[in-house]
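K.L.:
Starting off with a structure, shown below.
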């Protein structure tokens, strides 16, 4: 697999032109552009495993034709994932219990040189598999990998030490530690993620009052942004992400950030006094003066009720993975707010996907 590296700047310019055109109706200022490394930028990857007689190998599917194709190296992924791909398969081939009915391998790597390998099977994992997997982990560690092996099957998950890695991200000269849990969302392009965090910190400098973040994940943004606010209140619904966020808050010595496990809808009910929640015992919502809100919604964008919710805040920091739904939301948001800053983050080079950000101030 070869990447069109010589065309990188041209492709990025086309994305900029497209985003500029989309934001033009909203009187956006000049868009800041944050580029990506041209190869080995993706920190996670998933591959199906194709078995052919006595052989097996990684495959992917062509999005246009749906035809499978063999993948022996993957220059999009980190150098660590590539090295693991080439080291792992020969070791799996040595033990039938490790490769029989293996149908998928997921890799999660970090800038801090740690990696999780998840092996997915169409069979029950036995003590024999556990013994072989422990031996596999030892062999990989002898080859210099800081690795966690996880086995997954129907209603089964086996891990030997931990199901997470601790990433270290350099942001504005400071290192932030983020616990990343296997099978949970993490930003795929770590280098661009650092640039996103730096841009968000820059936008919110000199902020007054408190910050509210909806669906904070492992605290990726709220932990870095806490330095700019008196207090930060963040919501997240997934238990593993909440646990990771709590660890990250302590590890990064952030003392003004509170995570609550509830949905955006539940939070709105609590703020409006519609109903009480046991999860909020000990948290005085009235003590927060949140005049800034941060949102990073899924590709579908914000639903109409959440758009109305965020319009109540003087300042809105909106990170989007879909510029079309961002613009749909801006139709309403631009009635009350103006775009102060706009950015393009090239999280996904060589694709049409665009990550963007807007910093909105009440008119």
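Quick reminder: no glycine exception, Cβ is built from N, Cα and C everywhere.
The model shown is predicted, which means the values in this text are computed figures rather than measured ones.
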K.L.:
Hey, Swiss-Prot has S-adenosyl-L-methionine bound by 215, 220, 236, 296. Any idea which of 187, 258, 269 it lists too?
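P.N.:
So, going by the record in Swiss-Prot, that would be 187.
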K.L.:
List, in sequence order, the residues of the same chain other than 187, 215, 220, 236, 296 whose Cβ lies within 8 Å of the centroid of the Cβ atoms of the recorded S-adenosyl-L-methionine site.
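P.N.:
Apart from the listed residues, the neighbours are 185, 213, 216, 217, 218, 219, 221, 241.
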K.L.:
Within 10 Å of residue 321 (active site, nucleophile) by C-alpha distance: pick out those among the recorded positions 187, 215, 220, 236, 296, 355, and say none if nothing qualifies.
P.N.:
296, 355
K.L.:
For residue 215 (S-adenosyl-L-methionine binding site), just count the other CB atoms lying within 10 A of its CB, please.
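P.N.:
18, counting other Cβ atoms within 10 Å of residue 215 (S-adenosyl-L-methionine binding site).
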K.L.:
Looking at the recorded positions 236, 296, 355, which one has the fewest other Cβ atoms within 10 Å of its own Cβ?
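P.N.:
If we count Cβ atoms within 10 Å for the recorded positions 236, 296, 355, the smallest count is at 296.
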K.L.:
Just counting, how many other CB atoms are there within 10 A of the CB of residue 321 (active site, nucleophile)?
P.N.:
18
K.L.:
Which value in Å gives the longest Cα to Cα span across the S-adenosyl-L-methionine site residues 187, 215, 220, 236, 296 as recorded?
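P.N.:
Those residues reach a largest Cα separation of 16 Å.
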